[in-house]
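What follows is one structure encoded as structure tokens, with my remarks underneath.
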Amino acid sequence: MMDFWTAFQAIILGVVEGLTEFLPISSTGHQIIVADLIGFGGERAMAFNIIIQLAAILAVVWEFRSKIFEVVFGLTNQPKARRFTGNLLLAFMPAVVLGVLFADLIHEYLFNPVTVAAALVVGGVIMLWAERREHRVEVDHVDDMRWSHALKIGFIQCLAMIPGTSRSGSTIIGGLLFGLSRKAATEFSFFLAMPTMVGAAVYSGYKYRDLFQPGDLPVFALGFVTSFIFAMIAVRALLKFIANHSYAAFAWYRIVFGLFILATWQFGWVDWSTAHG
């Protein structure tokens, strides 16, 4: 039976994951801070994180289900659908190759507060620069992307293996720098998240399969539902926001949050020694 405090922890972390996973502000840093504040850690937390990340990506699948069906059923007779699928697979492959080769090394040597904070601040500065530079739009819709756009964004996504970089942040900034409109860059980031995050969740789920215990099912289910709902809210809100605003607000938030993380480490406010990513 799940007690009130455990239910509260599951809901809070589900909300944090759902709201931050697809915003360019690094869900990793937020999860570590909040989990430490509410005392949710250990092996159970590692398994729980896999579940709520899977819920977040399924929210995106649901939100873009019409486009997904259009592409799937158009593969046999629509060049546009085949080109989009090819671009998605091309952008996905660099993360697969580099992830398999370097994921464990990165988690061992780079998962620390200094790296997370530096990645947040540097990413924020680059985001400000990308927004303020003259932006020549070559692609206004994801269906019009060329393979070269997809491949470059795929390599940029690999930077998100560095904790604090933010997967969505790196792909969105990359899209803007390579000539995509804000809408196209954001939507392609969402679509690219589907195979990337599902693949990562399956890999992590298999690697840490011994951590999943039947008694944790109620906690996992509550976190899953919460993460799903708030991820959907975040995705819809972001798409509406970028229609009339730049990413500057997120950039400044990253910089401030990065400095805050440095403070939590410097003054011992958060126990970073138990962080697993």
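Backbone N, Cα and C atoms are what each Cβ position is placed from, and that goes for glycine too.
Remember, predicted model here, so these are calculated numbers, not experimental data.
Taken from Swiss-Prot, the feature transmembrane segment applies to 44-64 (among others), supported by sequence analysis.
Look at Swiss-Prot and you will find 86-106 (among others) tagged as transmembrane segment.
The transmembrane segment annotation in Swiss-Prot covers 110-130 (among others).
If you look up Swiss-Prot, you'll see 184-204 (among others) marked as transmembrane segment, on the strength of sequence analysis.
Per Swiss-Prot, transmembrane segment is recorded for 215-235 (among others), and the stated evidence type is sequence analysis.
The feature transmembrane segment is assigned by Swiss-Prot to 250-270 (among others), with sequence analysis given as support.
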Best-contacting stretch, by C-beta pairs under 8 Å, relative to the transmembrane segment (184-204) and drawn from 86-106, 110-130, 215-235, 250-270: 86-106
For the transmembrane segment (215-235): best-contacting stretch of 44-64, 86-106, 110-130, 250-270, by Cβ pairs under 8 Å: 44-64
Residues from the same chain, set at least six apart from the ends of the transmembrane segment (110-130), whose C-beta lies under 8 A from its own: 24-26, 28-29, 32, 162-166, 169-170, 173, 176-177, 247-248, 250-255, 257-259, 261-262, 264-265, 270, 272, 275-277
